[in-house]
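Asks: Relevant sequence annotations retrieved from TrEMBL are reproduced here:
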type: DOMAIN; residues: 14-168; note: domain 'Fido'
type: BINDING; residues: ASP107, GLY108, ASN109, GLY110, ARG111, MET112, CYS113, ARG114; note: ATP binding site
Amino acid sequence: MFLINEVVLCDKPFSEDLILEAHKILTYKVDSASDSYKVYGGAYRTTDVCAGLTTFTAPEHVPREMRAFIAELSSETLAAEEVGHINPYVLAAKYCHKFVIIDPFADGNGRMCRLILNILLFKYAGVFCVLGENEQAKDEYLSIAARASQSDQAWKEADEEEAAFMKPPWGELALLILRQPKKDMQEVLDREAFCRNPPKCTCVRNVQTGHEVSESSSSRLDG
């Protein structure tokens with residue numbers, strides 16, 4: 001609710017202070033494997049981290065990278081608002097991915113990146129996107145995130161001409177979050193339709209047994 005209130009309702013731009021405070025709230029009373037929440041909550045990490053073949057931003061560069069992250073996000077959203085056109089799905093996927101690559105905190109980065117993604121979606125599209133709601137969906141999301149991380153360095157090293165023929169690392173995630181809210185909404189509509197028009201079941205008495213059975217059961221008995 002903190003970021004919804006600040007960024008969506010109060011229309012404040014994302015800032016380092018907002019992200020740090022949101023992380024502090026998110027990790028309240030949730031200790032990491034190595035530190036108390038009082039130590040790592042709302043503070044950038046001071047140790048190196050890696051996952052598989054991906055090495056994330058060195059801790060001494062995290063503050064600089066986060067300043068660049070905020071500056072780029074602010075510049076892009078301001079420019080889009082001025083021309084009156086914004087693609088919220090690409091925007092949300094792009095900055096979710098960039099946050100993951102920086103991996104600024106000792107713990108809670110996955111939750112924070114999905115929080116940022118959903119705040120951007122809610123502000124500019126009015127929707128939320130639930131990622132990893134079951135094991136299959138979780139595996140799909142993690143596979144997409146892993147492929148994005150692996151392709152990030154090649155994207156950064158490509159010149160302008162090469163990049164024009166490359167899919168951005170966050171492209172697959174953008175397609176996923178475009179698809180997921182539609183799927184969730186369809187499930188809601190299907191449930192509402194079922195509640196408004198439940199299948200009719202007429203009970204009839206079986207003359208042989210004297211028991212009441214549904215119309216569908218009766219038809220099976222007759223058949």
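Even glycines carry a Cβ here, placed using N, Cα and C.
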Asks: Are there any residues at least 6 positions away along the chain from CYS113 (ATP binding site) with a Cβ closer than 8 Å to its Cβ? List them or say none.
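Replies: The list for CYS113 (ATP binding site) reads CYS96, PHE99, VAL100, given in order along the sequence.
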Asks: Taking only the residues in the domain 'Fido' (14-168), give me the average pLDDT of this model.
Replies: 92
Asks: Under a criterion of Cβ-Cβ distance under 8 Å and sequence separation of at least 6, what residues of the same chain contact ASP107 (ATP binding site)?
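Replies: The answer is THR27, VAL30, SER32, ALA33, ASP35, TYR40.
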Asks: In terms of DSSP three-state secondary structure, what is the assignment for GLY110 (ATP binding site)?
Replies: helix
Asks: If you count Cβ atoms within 10 Å of each one, which of the binding-site residues ARG111, ARG114 comes out on top?
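Replies: Answer by Cβ density within 10 Å: ARG114.
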Asks: Counting only residues 6+ away in sequence within the same chain, which have a CB under 8 Å from the CB of MET112 (ATP binding site)?
Replies: ILE19, ALA22, HIS23, LEU26, PHE99, PHE105
Asks: Within 8 Å of the centroid of the Cβ atoms of ASP107, GLY108, ASN109, GLY110, ARG111, MET112, CYS113, ARG114, which other residues of that chain place their own Cβ, given that this set defines the recorded ATP site?
Replies: LEU26, PHE105, LEU115
Asks: I'd like the number of other C-beta atoms within 10 A of the C-beta of GLY108 (ATP binding site), please.
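Replies: Here the count is 21.
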Asks: Give the number of CB atoms, excluding that of GLY110 (ATP binding site) itself, located within 10 Å of its CB.
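Replies: GLY110 (ATP binding site) is surrounded by 16 other Cβ atoms within 10 Å.
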Asks: Within the chain of ASN109 (ATP binding site), which residues six or more apart in sequence place their C-beta under 8 angstroms from its C-beta?
Replies: PHE99, VAL100, ASP103
